[in-house]
Amino acid sequence: MSFHKEDGVNSLCQKALHIVTELCFAGQVEWEKCSGIFPRDRGSQGGSSTDISVSLLAVVVSFCGLALLVVSLFVFWKLCWPCWKSKPVTSNITTLPQSISSAPTEVFETEEKKEIKENEKPAMKAIEPAIKISHTSPDIPAEVQTALKEHLIKHARVQRQITEPTSSSRHNSFRRHLPRQMQVSSVDFSMGTEPVLQRGETTTSIGRIKPELYKQKSVDSEGNQKEDVKICGKLNFTLQYDYENELLVVKIIKALDLPAKDFTGTSDPYVKMYLLPDRKKKFQTRVHRKTLNPLFDETFQFPVAYDQLSNRKLHFSVYDFDRFSRHDMIGEVILDNLFEVSDLSREATVWKDIHCATTESIDLGEIMFSLCYLPTAGRMTLTVIKCRNLKAMDITGSSDPYVKVSLMCEGRRLKKRKTTTKKNTLNPVYNEAIIFDIPPENVDQVSLSIAVMDYDRVGHNEVIGVCRTGLDAEGLGRDHWNEMLAYHRKPITHWHPLLELPGRATSFDSQGSCPSPKPPSTP
């Protein structure tokens, strides 16, 4: 019985203690009444939490202070370091001329700072200042410029490496006939005090715009050229673009006031057309007999896309037909801008002046050939590859072309070779090699004259056009020859335009005197 009573008392005590705990910690009873029951536990909990909060706050404050100190030191170093480092420049400006004789000075200028460092090495015999000036840096103060000029005048020394290849006696005349080659021996490389001053003064003007370099000088030159061109009539034609079929429709109406080419005081004119740069597609009108004001009224169509018209040129050539000789070119009309009159959506009428034909304007065709020279064997090989767009010399509108190559020396023909004849074509293909024996000592004295001939079984053969290559040639002919001499044993190929024969005596007949090339010496 006593045992059961003790268990009941203990359970009642535990329940009472549980109820008191809930009442105290739930806030339903004031804490002052409960402090006698739980004094030690609650106080220890509040003290420990307060200590943890204070220590954590101290750590955070210490870390922030350290970070602030590091940032402050970095900002101070950034702001004060350039000012402190630039102090030697102003202090050494006044003493720069006096310190030159004792130690060499190195001057550097960048986009942000200028430095003068004096090396404490013993003085050398020749003082060579190294100056590096940035084009984008601010202007140098006047004191520094004055000091630098005085220093450069006294001790500047220019070093220039001149590499001039030693020339052999074989190429003396070759170099003498090159007007484009600069004579290195005639150039004055001496540098005195005045060029140094000018160089120092011009460094400050780098980057400035010079209006005199942008003057339009082409206006006057074009006006003078237009005055020199002679007018030999007018040509009337119309232009329209067919958007559905992508065709440029050209209608040649008439020509007025053409010059007389026949003995009777008239001409037999016709017009030939190209849409440049394509020369394969061409059109030609009918020939109108004995008239200076022909009425053509013929329409032609060029297949071309509309977006390509801005890159095309319309070329008209007016010819005088001759039954027994080659046709004479009266003049030409070149329409550089097809949209000059309108957008070609409607038919536009155009009147253009016919410019008289010149030697350069006459389209006789082109020839392609290669040159190759073997100096050890003394052998030159000219390979005639092909021709294109040759002038029609026969009544049928074609030609029977062959190529004749002559080895010339001071106007005298030494040797000649020719290719086979290609029948009824204006674009012959040959691929035939012609070989001449020319020793190295005579290469500078000879040249080659290439003539495209039209074979005629009944009469005499006519010259379609000629071109020349050699040191005495002009333009592409000389450049082709020089390139052959520069690259031995390598075939050099170029297209050459054909020109009218200026005179038979100067190109194919024997004139003057020239020693024949010596045969190559056998080992």
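Placement of Cβ uses the backbone N, Cα and C atoms for every residue, glycine included.
Here the structure is a predicted model, which means the values were calculated and not measured.
Quick look at what Swiss-Prot lists:
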type	residues	note
TOPO_DOM	1-55	topological domain 'Vesicular'
REGION	13-35	region 'Cysteine motif'
TRANSMEM	56-76	transmembrane segment
DOMAIN	231-352	domain 'C2 1'
BINDING	D262, D320, D322, D328	Ca(2+) 2 binding site
BINDING	D262, D268, D320, F321, D322	Ca(2+) 1 binding site
BINDING	D322, S325, D328	Ca(2+) 3 binding site
DOMAIN	363-496	domain 'C2 2'
BINDING	D394, D400, D454, D456	Ca(2+) 4 binding site
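Shown on the structure are the features that Swiss-Prot records.
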{"residue": "D262", "record": "Ca(2+) 2 binding site", "DSSP (3 states)": "coil"}
{"residue": "D268", "record": "Ca(2+) 1 binding site", "DSSP (3 states)": "coil"}
{"residue": "D320", "record": "Ca(2+) 2 binding site", "DSSP (3 states)": "strand"}
{"residue": "D328", "record": "Ca(2+) 2 binding site", "DSSP (3 states)": "strand"}
{"residue": "D394", "record": "Ca(2+) 4 binding site", "DSSP (3 states)": "coil"}
{"residue": "D400", "record": "Ca(2+) 4 binding site", "DSSP (3 states)": "coil"}
{"residue": "D454", "record": "Ca(2+) 4 binding site", "DSSP (3 states)": "strand"}
Is any of the binding-site residues D268, D394, D400, D454, D456 within 10 Å of D262 (Ca(2+) 2 binding site) (Cα-Cα), and if so, which, in sequence order?
D268
C-alpha spacing of D400 (Ca(2+) 4 binding site) relative to D320 (Ca(2+) 2 binding site), in angstrom:
21
Could you give the Cα-Cα distance between F321 (Ca(2+) 1 binding site) and D328 (Ca(2+) 2 binding site), in whole Å?
7
Among D262, D268, all listed as binding-site residues, which has the most CB atoms within 10 Å of its CB?
D268
Cβ-Cβ neighbours of D394 (Ca(2+) 4 binding site) (radius 10 Å):
13
At the Cα level, what's the spacing in Å between D322 (Ca(2+) 2 binding site) and D268 (Ca(2+) 1 binding site), rounded?
8
To the nearest Å, how far is the Cα of D394 (Ca(2+) 4 binding site) from the Cα of D268 (Ca(2+) 1 binding site)?
16
Cβ-Cβ distance under 8 Å to D400 (Ca(2+) 4 binding site), same chain, at least six residues away:
D394, T421, K422, K423, N424, D454, Y455, D456
Look at each of the binding-site residues, D320, D322, D454, and point out the one with the fewest other Cβ atoms around it within 10 Å.
D322
In sequence order, which residues at least six apart in the same chain have a CB under 8 Å from the CB of D328 (Ca(2+) 2 binding site)?
K261, Y319, D320, D322
Can you tell me the mean pLDDT for the domain 'C2 1' (231-352)?
86
Determine the most Cβ-crowded residue among the binding-site residues F321, D456, using a 10 Å radius around each Cβ and all protein chains in the structure.
F321
